[in-house]
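Features reported for this protein in TrEMBL:
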TRANSMEM  A:99-119  transmembrane segment
DOMAIN    A:101-321  domain 'MacB-like periplasmic core'
TRANSMEM  A:370-394  transmembrane segment
DOMAIN    A:378-490  domain 'ABC3 transporter permease C-terminal'
TRANSMEM  A:425-445  transmembrane segment
TRANSMEM  A:470-493  transmembrane segment
TRANSMEM  A:514-534  transmembrane segment
DOMAIN    A:544-728  domain 'MacB-like periplasmic core'
TRANSMEM  A:764-786  transmembrane segment
DOMAIN    A:765-878  domain 'ABC3 transporter permease C-terminal'
TRANSMEM  A:806-829  transmembrane segment
TRANSMEM  A:849-871  transmembrane segment
Amino acid sequence: MSNNKPLYSPPTLGSQLLRWFCKDRLLEEIEGDLLEYYQIEREAKPKWKANLLYWFHLFHFLRPFALKKIGQNSNIIIMYRSYFKFAWRGMMRHKMQTSFHLLGLVLAFTVCGLIYLHLKFETSYDSHHKDADDIYRIAWMNENPQTRTPHPMAQALVSEFPEVVKAVTFSPIYGPGLTKDVILITHDASNVTHEITDGYFADTTFFDVFTYEPIYGNPKQALQNEWAVVLSESTAKRFFGDEDPVGQRLSFNGMVDLLEVAAVVKDAPKASHFRFNFMLSYVTLKSLPFNDPWLSWDDFGHFNYVKLSPGTNPEVVESKIPNWIPKYLNWSEDNIESLKAGEIGFKLQPIQDIHLHSNIRWELEPNGSYSYLIIYGVSALFILLISIINFVNLNTARAAQRLKEVGVKKTLGAFRSQIFTQFSIEALVTTFLALILSVFVMNWLETPFNNLVNGSIAIENLWQTETVTFMVLTAIFTAIVSALYPSVYLNSFEAGSILRGLKLSKLGGSNLRNGLLGVQLVATVILISGSLTIRNQIQFLKDKDLGFDQDNLMVLTIVGQTYSQKIRTLKSELESISGIGETSMVSNVPGGQFNQHPLYMEENPQLRVDASEMFVDKDVASTLNLEIVEGRMLDDVFAADSAGTAFVLNETAVRELNVQDPVGKQLFWVNNEELVKGTVVGVVKDFHYNSLHVPIRPIIMMMNQNAYNHLIAKFDPNSLPQIIEQVEEKFTEIVPEVDFSYRFLDSQIEELYQEEARTFRLTVILSAISIFLACGGLLGVISIVIRQRVKEISIRKVLGASAKNILWLINLKHLLIAAIALLIAIPASVIFMRNWLSNFTYQAGISPLVYGVTSVGILMLIGLTISLISIKTIKANPANNLRSE
Amino acid sequence: MKKYQLGEFEEYVLLTVGVLHGDAYGVSIKEEIEKRLKRKVSIGALQSALRRMEEKGFIVSELGETTKARGGKRKRYFKITAFGKKALDYNMQTRMELYKEIQNVALQYKLC
């Protein structure tokens, strides 16, 4: 090695790193060694290799023996270490208090985390589609808004509106009475048959608007071919396992090898407002020699979706439609007028809003409800608030106990900021520990929570930057707030006076604490009264007379026109079973979806009324116990009845048609432009064939031998097991190809209020948590307060106060706080719950009893808590307390 | 005996320090071991072994002169101590005793 050569310089970052981390004592030598060795390597090897080696040796050197001892010469680090030590010792010394803090915070963080994930999932619907922000569904808004609009509308919009880039129209394959039809699909080659629901007809542009991941074949091209079918992955698996099914043929309802599998796509994610199992193209439908008015402008019977050019305001398109569409619609002047006036009209619903904000007729799947999500969110925030307040309150109450500690620290030279830092770190240790524990608890509660709210949250979704940031910020916020008060308060004393023996005659911060206590109680009262009101409403819905019998009725469902003969056989067979009363065949069951068409009286053709339709047999009134107010029920002894030209209306229909004495009058039923003229033969009393969320609307009942899907049978509840056994026997004998299953009408109707029931269960749990936390917090604070007032209480006793007097003294202030909290909470709760109740057409109303019960309960609970914790001190011999000094 | 405990690598380093008497510092020890044993030695591993033995008292060190190649940084020279020598002797001796105890039979590699 020549001495004249300039030195090669190793990576500067490396030497810098070394200087940071290496012990000073070792630094000089090792730096020298590394440098010298680097020179040798650079002579022999390319620069990058030498650099790499330099780094390699450097990192190899950074072993524990070489590292600077953290804080070996830093005051700050030593201080921080001592803060952690103090925090830990403090936590260990007050095990009860620590565990209550942790329990409260863990509960709050867990509840918030779970509900946050749930809200996130519910608001993520349909966001997986490409350009989801620009996809809209066209809804028809009249007095009874609906999701379905005419078939040609989609493509007309694309060709005539520059803003509309793509559009698709599709429709589920519906059976009679607008039930989603079940199709028997057979793969003859392997002789596999399955009943498949959720079949759709769709435009060729379906996959231009919606994003589905193809697995086999090309779905976009597939829809251009006649008889081609696109399967969802799960459906394809049922027939073909993991094989590529493209080119295989499937039979459709017994029509052999009608369909050819052209593509398979991944199933829509769960957060999707509709999903299909198989999809045929309208091309197939149109190739048939059939001129169905269903495909015309007159039938509002299809789902239309448009994709607008990026960033287009949907209102622009919306506002153009009323002036554009009349050329296609064969409507009366009146209707066109109200369309142009905006009384009725087409609305573009953002696809991502459908799940939470759209709840109109014929949603493809039951949607979620925004108002419940708000309840969930608000409740979670309340719990968090209560828990944070507990933490803050208990910490401020404890501050007085630490007066001496602060005094000593200050004498030894601690700054104000250091006192604050110490308190903050102590609080931070607790909140972060709670945060970590709550993640474990969340993992553990994932499935129970999903069952409770019918959600599908996954805890791993928690690990997203925004969520983690939010949680960490909450933890830090809680800690800082709880540290702020004690440190400011304790800092306000001079060290000298503290050590000279300053005794806090009063526990500081009682105003703040009482205020926060009030806030806590407000939140608790709102939660409790809210859940009681929800309970009342559910009970009200359950108890409400629906206008028909729902008890002891069994529903057997056989969907599909192929079975219309068999369902009749089944009916007569069932009637022979002892224990089975009346039976009736119907197209729709109360509580389900209904199709609807317009009606008008011959005497007043101008007045058209949209009415739901229900195809029934002669026994429906006796089975469901419907009350006939005029005329008679349908009966197949009359030729007109069995021909479907005799109608029975409900009272609402009669009222809306504005007709006096309807029985015997002629009525037109407009079934897809096929005008059915018939006679009104009877009127039934209004009954709630829809859920109680909506008012009773007109309904028309008639006979149609081919449209029965359900058999409703009255049974004797005392011999139910035997009856079911016999029914199953008959059922499998008559319809062996369908799996036997039955439901009860009352439980089916109860399902309509599932969402309410779920919300109720959740709010009950959250109310219980909130009561527990609020009382626990109060207990903690009072127990500290009492300790401060032992002397005072003793002196009072010596001077002749009774235990009762003293209890009142201690209770009174908190009961006053509770009373004020009630005064604030009750109006807030009334407003909130009124708002919620407005979702229902039939409301239980807000019962004063709810608030009475809540108020008395809260006041008693507070009194009880305080009395329990203070009774020991009060009962104690005052001499003992006064003697100690 | 615990107090003479020497790891395998430590033993090599200690021996090399002895061999290089008067010129034993980081890089020279590294090169010497690499030359004789044909194995790569990382500076970190070497330094930690030296530090460990210094703590045990097998070697002592002092700062020496500086050369240009080291960018003005001084070398640290290592010297073996009497205690270090004892440890070496002890190790060598126990090893030889063990070696001698092996019966000849055990070293005859015939088919069993």
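Glycine is treated like the rest: Cβ placed from N, Cα and C.
Of the candidate ranges A:99-119, A:370-394, A:425-445, A:806-829, A:806-829 has the most C-beta pairs within less than 8 angstroms of the transmembrane segment (A:514-534). Helix first, then strand, then coil: DSSP counts for the domain 'ABC3 transporter permease C-terminal' (A:765-878) stand at 97 helix, 0 strand, 17 coil.
Helix first, then strand, then coil: DSSP counts for the domain 'ABC3 transporter permease C-terminal' (A:378-490) stand at 102 helix, 0 strand, 11 coil. The average pLDDT computed for the domain 'MacB-like periplasmic core' (A:544-728) is 87.
Cβ atoms under 8 Å from those of the transmembrane segment (A:806-829) belong to residues 514, 517-523, 525-526, 529-530, 533, 778, 782, 786, 789, 793, 796-797, 851, 854-855, 858-859, 862-863, 866-867, 870-871, 874 of the same chain, restricted to positions at least 6 beyond its ends.
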